[in-house]
Amino acid sequence: MNPQAKLIFVLSLMLGTTITISSNHWATAWAGLEINTLAILPMISKSHHPRSIEAATKYFLTQAAASALVLFSSMTNAWHTGQWDITQLTHPVSCLILTSAIAIKLGLAPFHFWFPEVLQGSPLTTGLLLSTIMKFPPITLLLMTAHSLNPTLLTGMALLSAALGGWMGLNQTQTRKILAFSSISHLGWMAIIISYSPKLTLLNFYLYVMMTATVFLTLNSAKVLKLSTLMTTWSKTPSLNAMLLLTLLSLAGLPPLTGFLPKWLIIQELTKQDMMLAAMVISLLSLLSLFFYLRLAYCATITLPPHTTNHMKQWHNNKPIHCSIAILTIMSSMLLPISPLLSTIT
């Protein structure tokens with residue numbers, strides 16, 4: 001892709017995100033979402049492969065439907081209440097439609113169907129943007145309207161997302177699809193707590209972005225798209241694979257790594273809200289996603305491929321690890337000791 005065009009698309013992404021997260025009016029929020037959608041489409045389809053064109057088409061159709069629902073819910077609310085303010089969403093029908101619209105934007109179950117297919121057809125760098133930056137504006141809208149939305153509906157969608165994200169990721173062999181179902185599962189953890197502690201949802205989102213960025217950058221550096229390729233990378237970049245192991249275990253939420261912190265705080269908050277059953281169910285459902293994280297870690301560091309002889313010769317390609325991957329890995333695995341500070345903030 002032309003560097004000037006790429007710069008324009010990246011700046012448009014930043015502009016659309018900034019407009020949405022700083023707006024107080026539904027029209028400007030919708031405009032920011034549309035700028036984001038139009039900026040990411042050329043980045044999805046830049047390889048001109050039929051799979052990437054299909055992914056871009058699917059993404060455009062689903063996002064256009066979600067944007068139309070956002071407009072429809074805001075207009076319905078303005079018709080009944082005379083308010084275009086985002087925080088003044090009070091009409092029940094508008095709240096229901098907006099919940100569906102943001103669920104489509106984020107890829108929350110049962111509107112998750114587009115996300116794995118789009119991620120599979122995108123390059124790893126674009127997949128990183130789709131899994132992190134593109135989710136920030138919808139999460140912001142969800143935070144601003146959380147007090148008006150139905151907590152029971154959000155809890156149901158969260159549990160369904162955690163279940164489907166873990167269950168459907170079990171048999172996957174493509175790393176991008178595994179990370180897509182990982183994202184759906186993590187969104188379930190964010191959605192279940194948003195009505196009770198929005199700051200905790202934001203903390204969870206920030207830590208998820210940090211850990212996912214580490215995994216995507218590591219896979220992109222090693223040029224890994226499938227599990228069979230991941231099995232052979234240990235002979236070329238062993239230190240990078242060791243970093244990937246730590247980050248994957250952190251994404252799974254195992255102590256004493258950083259990923260354990262948001263799960264621990266969310267379960268604690270759910271218990272305070274007398275939602276012990278929901279806390280127990282979502283904790284058990286996280287075991288499903290733990291399985292495929294462990295499988296990824298196993299393939300990256302422990303499994304030997306069937307034809308090891310050819311790959312044993314390719315030892316240490318001396319390619320330096322980018323400092324951003326090293327810094328993100330350290331943060332993705334060692335932030336648990338600052339949990340008392342974070343718990344006082346949230």
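Every residue gets a Cβ built from N, Cα and C, even glycine.
Beyond its flanks by at least six residues, the signal peptide (1-20) meets 28-29, 31-40, 42-43, 46, 129, 133-134, 136-137, 140-141 of its own chain at Cβ-Cβ distances under 8 Å. Annotated signal peptide per TrEMBL: 1-20, in sequence order.
Annotation comment: TrEMBL describes 23-288 as domain 'NADH:quinone oxidoreductase/Mrp antiporter transmembrane'.
Beyond the transmembrane segment (55-72), the same-chain residues lying 6 or more positions past its ends with a Cβ under 8 Å from any Cβ of the stretch are 26, 29-30, 33-34, 37, 40-41, 44-45, 97-98, 100-102, 104-105, 114, 117-122, 141. The transmembrane segment annotation in TrEMBL covers 55-72 (among others).
Per TrEMBL, the feature transmembrane segment maps to 93-115 (among others). Within the chain, the transmembrane segment (93-115) has long-range Cβ neighbours (under 8 A, six or more residues past its boundaries) at 33, 58-59, 62-63, 65-67, 69-70, 72-74, 76-77, 80, 130, 135, 137-139, 141-142, 145, 148-150, 153-154, 157-158, 160-161, 163-165, 180, 183-184, 187-188, 191.
The annotation transmembrane segment is assigned in TrEMBL to 152-171 (among others).
Summarising the annotation, TrEMBL assigns transmembrane segment to 178-196 (among others). Away from its own ends, the transmembrane segment (178-196) comes close to residues 106-109, 112, 115-116, 119-120, 127, 131, 135, 139, 142-143, 146-147, 149, 151, 154-155, 157-166, 168-169, 172, 204-205, 208, 212, 215-216, 251, 262-263, 266, 269-270, 273, 278, 282, 285-286, 288-289, 292-293, 296 of its chain (Cβ-Cβ under 8 Å, at least six residues beyond either end).
With a cut-off of 8 Å between Cβ atoms, the residues of this chain six or more beyond the transmembrane segment (202-219) that come close are 124-125, 127-128, 131-132, 135-136, 139, 143, 175, 179, 182-183, 186, 189-190, 193, 225, 230, 240, 243-244, 247-248, 250-251, 258-259, 261-262, 265-266, 322, 324-325, 328-329, 331-332, 335, 342, 345-346. Sequence annotations record features per position, and here TrEMBL assigns transmembrane segment to 202-219 (among others).
If you look up TrEMBL, you'll see 240-257 (among others) marked as transmembrane segment.
Per TrEMBL, transmembrane segment is recorded for 277-300 (among others). Tertiary neighbourhood of the transmembrane segment (277-300): same-chain residues 155, 158-159, 162-163, 165-167, 169-170, 172, 175, 178, 181-182, 185, 188-189, 192, 227, 230-231, 233-234, 241, 244-245, 248-249, 251-254, 263, 266-267, 270-271, selected by CB-CB distance under 8 Å and a gap of 6+ residues from either end.
Taken from TrEMBL, the feature domain 'NADH dehydrogenase subunit 2 C-terminal' applies to 290-342.
For the transmembrane segment (321-342), same-chain residues at least 6 beyond its ends with a Cβ under 8 Å from one of its own Cβ atoms are 203, 207, 210-211, 213-214, 217-218, 221, 237, 239-240, 243, 246-247, 249-251, 255-261, 264-265. Annotated transmembrane segment per TrEMBL: 321-342 (among others), in sequence order.
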Chain residues outside the transmembrane segment (240-257) and at least six past its termini with a C-beta under 8 angstroms from it: 182, 211-212, 214-215, 218-219, 221-222, 233-234, 263-264, 286, 289-290, 293-294, 296-297, 300-301, 321, 325-326, 328-329, 332-334, 336
